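Report on one structure; see the data block that follows.
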Amino acid sequence: MTSLKQQPPHLLRGIPLAVRNLKKAFGTREVLKDIDLHIPAGQFVAIVGRSGCGKSTLLRLLAGLDKPTEGQLLAGSAPLDDAREDTRLMFQEARLLPWKKIIDNVGLGLSGDWRAQALEALEAVGLAERANEWPAALSGGQKQRVALARALIHKPRLLLLDEPLGALDALTRIEMQQLIEKLWHQYGFTVLLVTHDVSEAVAIADRVILIEEGQIGLDLLVDLPRPRVRGSHRLAALEAEVLNRVLALPGSPPDPEPFSPLPTQLRWAN
C-alpha cells in the first residue's frame, strides 16, 4: 500500500462535484427540491440549516447511502458512483469496534500490509502512541480522531462529515476543527461538512450553504484569509448574515429527516 505522504499530487486532489436538479422524496414528503450545486475540486463547503431541512439527506445521497428520486450526482463529468472508493463519510458517533484495538479499527476491512499506513494515519491525527490501546481508553474527541484516521488511510478525495463534532465539548470541538482544516489543507480533498453550528461553518469553510425547506436558500462565499481569527468582526458579520436568514423564516417544529438504513448499516441501529 502506498504511503499517504508519497501520493502523487493528482491522487490527492479533491473531486469536483456537480448536483443537478436533485430531488429526494420519502413517500409523499419531498425532502430535497431541485437542488443545483457546483463544488470545485478541493473546496471546503459547510452545509447548515434548521433540523429536518434536508442537509443530512443531501450528504447521504452524496455518500451513496440512499438514491435520489430525480436528478444527477456527478464527480466531474462522470457519475459520482464511479468515485465511491475515493469517498469517505464520518458520522457524529465514531462507531469504533470496542473489541478491536485502535490500530485495527483504523485498518478495518483492509488486507495486505496495512499497519504502517494505519500508524501514519494515526500520526496525522496525533494518536500514533495510542495505537495498541482499546477504544474504551479514549475520550470522545480522541475517538473521533480515530474515525478520521480510518478515513485518511483510504486516501479520500471526497470527505463527507455529518456533524462529527456535535457531541464534543467546546474546546475539543475547536481542536478538531483545526485538525480537520489542517488535514484538508495538507491533502487537498474536497470537504462537505454538515453542521448546526454557524460559527463553526464560517470559521473553517470556504463556502456556507444554507438549506431551507429542501432548497438552497443562501450560498455564501467566506472570502477570508487563513488562519482565521475567531471572534473577529468579519467572522461575526458573516455568521450574523447566515443567522439572520435562518431566523427570518417562521419557525415550526420540523419533522425528522427520514432514514432508511441499508442492510450493511443495520448493525448500528441498536
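Just so you know, glycine gets a Cβ as well, placed from its N, Cα and C.
Annotated features, as they stand in Swiss-Prot:
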- G49, R50, S51, G52, C53, G54, K55, S56: ATP binding site (BINDING)
- 17-238: domain 'ABC transporter' (DOMAIN)
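Taking each of the binding-site residues R50, K55 in turn and counting other Cβ atoms within 10 Å of its Cβ gives the largest count for K55. Most Cβ neighbours within 10 Å among the binding-site residues S51, S56: this distinction goes to S56. Cβ contacts within 10 Å of G49 (ATP binding site), excluding its own Cβ and spanning all protein chains shown: 28. When other Cβ atoms within 10 Å of the Cβ of G52 (ATP binding site) are tallied across all protein chains shown, the result is 19. According to its DSSP assignment, K55 (ATP binding site) is helical. Counting every protein chain shown, the number of other Cβ atoms lying within 10 Å of the Cβ of G54 (ATP binding site) is 24. The 10 Å shell around the Cβ of C53 (ATP binding site) contains 24 further Cβ atoms across the protein chains shown.
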